[in-house]
Amino acid sequence: MVKRIGVLTSGGDAPGMNAAIRGVVRSTLFKNKEVFGIYDGYQGLYDNQIQQLNRYSVSDIINRGGTILGSARFPEFTQKENRARAIKNLNSHGIDALVVIGGDGSYAGAELLAKEGGIHCVGLPGTIDNDVAGTDYSIGFFTALQTVVEAIDRLRDTSSSHQRISIVEVMGRHCGDLTLAAAIAGGCEFIVIPEVPFDRKELITEIKAGIAKGKKHAIITITERICDINELSQYIEKETKRETRPTVLGHIQRGGAPVAYDRILASRMGAYAVELLVQTDHKAILSCCVGVQNGKMRHAPISECISIDNKRQKFKEDWLDVANTLF
């Protein structure tokens, strides 16, 4: 039976991570188990930055953005000798289970710890990109969405005043969920996402068609890394003869107090992770990730959640249909 549970946050931070940490800590203590915080992700696990936590360690953090445990990217964790040192550190503290809050890379690290060290590991999806399979939504997605929509609303004010085209670059890496949701909620006229092939000439045709119908201004949302939006802005202005301005929202999307849904989702996921760990049999090493599907908590093997095929199946085509209908 699991006696000591560790918790860490890894990769890019997301609003709601603190709520998840709180959920893990309070639920572990409720089950009369001990809980340890691991600072600065896998880097901290490697450096043995591990400290026992109590219920007061997580007081007044549910409303705070970021992560009190800190986070770091630690590519050296791909090396087996570094993972061996991390496992040794866990064993030295008597930690036999670990909750990892993060994205795909964090999940992959957790799976290796389970395989190589016999550590029970549960992953919680903590990323604003919403690009983790096995869950409808990840912790932080809805807070980031609110941030992006508020920015779009402000840009629309100035775009309409100057009859201008605005291009808004949104985070997401290779996933267009945040861009797509923001475009729908912000009433944007055009959307460019990784899941749909991008044709600049086709975009110009659509913009000109809107102008011909009397459209005075427009907002274009685009997922990061698709193209250089400064160059795209110049191209659109040249082809349409309309003033065009790019805006990169950047890391502001990761910050801020989490919205209510993210706080609830993170709390539920944290509690569910502990429930899975407490119920697990030591003979069968647990390596799974938690998600919400159709409103209910679910779990699946980490290997399934980080597979390319499952990530492709996650794309919200119904959202794209709505967007195309409304635009």
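Positions of Cβ are set from backbone N, Cα and C atoms, glycine also.
The structure displayed is predicted, hence computed values, not measured ones.
Record features (Swiss-Prot):
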| type | residues | note |
| --- | --- | --- |
| BINDING | GLY12, ARG73, PHE74, GLY103, ASP104, GLY105, SER106 | ATP binding site |
| BINDING | 22-26, 55-60, ARG156, 187-189, LYS213, 215-217 | ADP binding site |
| BINDING | ASP104 | Mg(2+) binding site |
| BINDING | THR127, ILE128, ASP129, ARG164, MET171, GLY172, ARG173, GLU224, ARG245, HIS251, ILE252, GLN253, ARG254 | substrate binding site |
| ACT_SITE | ASP129 | active site, proton acceptor |
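Taking the centre of the Cβ atoms of GLY12, ARG73, PHE74, GLY103, ASP104, GLY105, SER106 as the ATP site, the nearby residues of that chain (Cβ within 8 Å, site residues left out) are SER10, GLY11, GLY41, GLY102, GLY109. Ranked by how many other Cβ atoms sit within 10 Å of their Cβ, the binding-site residues ASP104, ASP129 place ASP104 at the bottom.
When other Cβ atoms within 10 Å of the Cβ of ARG173 (substrate binding site) are tallied across all protein chains shown, the result is 16.
Minimal Cβ crowding within 10 Å, among the binding-site residues SER59, SER106, THR127, is found at SER59. Separation of the C-alpha atoms of SER106 (ATP binding site) and THR127 (substrate binding site): 11 Å, rounded to the nearest whole number. Across the residues the record lists as binding ATP (GLY12, ARG73, PHE74, GLY103, ASP104, GLY105, SER106), the two Cα atoms farthest apart are 13 Å from each other.
Across the structure, GLY105 (ATP binding site) and ILE252 (substrate binding site) are spaced 22 Å apart at their Cα atoms.
Here the candidates are the binding-site residues PHE74, ASP104, THR127. The one whose C-alpha lies nearest to that of GLY187 (ADP binding site) is THR127. Looking at GLY103, GLY105, GLY187, the binding-site residues in this record, the fewest other C-beta atoms within 10 angstroms of the C-beta turn up around GLY187.
In this structure, the binding-site residues ARG73, LYS213, HIS217, ARG254 were compared by how many other Cβ atoms lie within 10 Å of their Cβ, and the smallest count belongs to LYS213. Rounded to a whole number, the distance between the Cα atoms of GLY12 (ATP binding site) and ARG254 (substrate binding site) is 8 Å.
Taking the Cα atom of each, VAL25 (ADP binding site) and GLY12 (ATP binding site) are about 21 angstrom apart.
When each of the binding-site residues ARG22, ARG245 is scored by how many other Cβ atoms sit within 10 Å of its Cβ, ARG245 comes out lowest. The binding-site residues shown are TYR56, ARG245, ILE252; of these, the one with its CA atom nearest the CA of ARG73 (ATP binding site) is ILE252.
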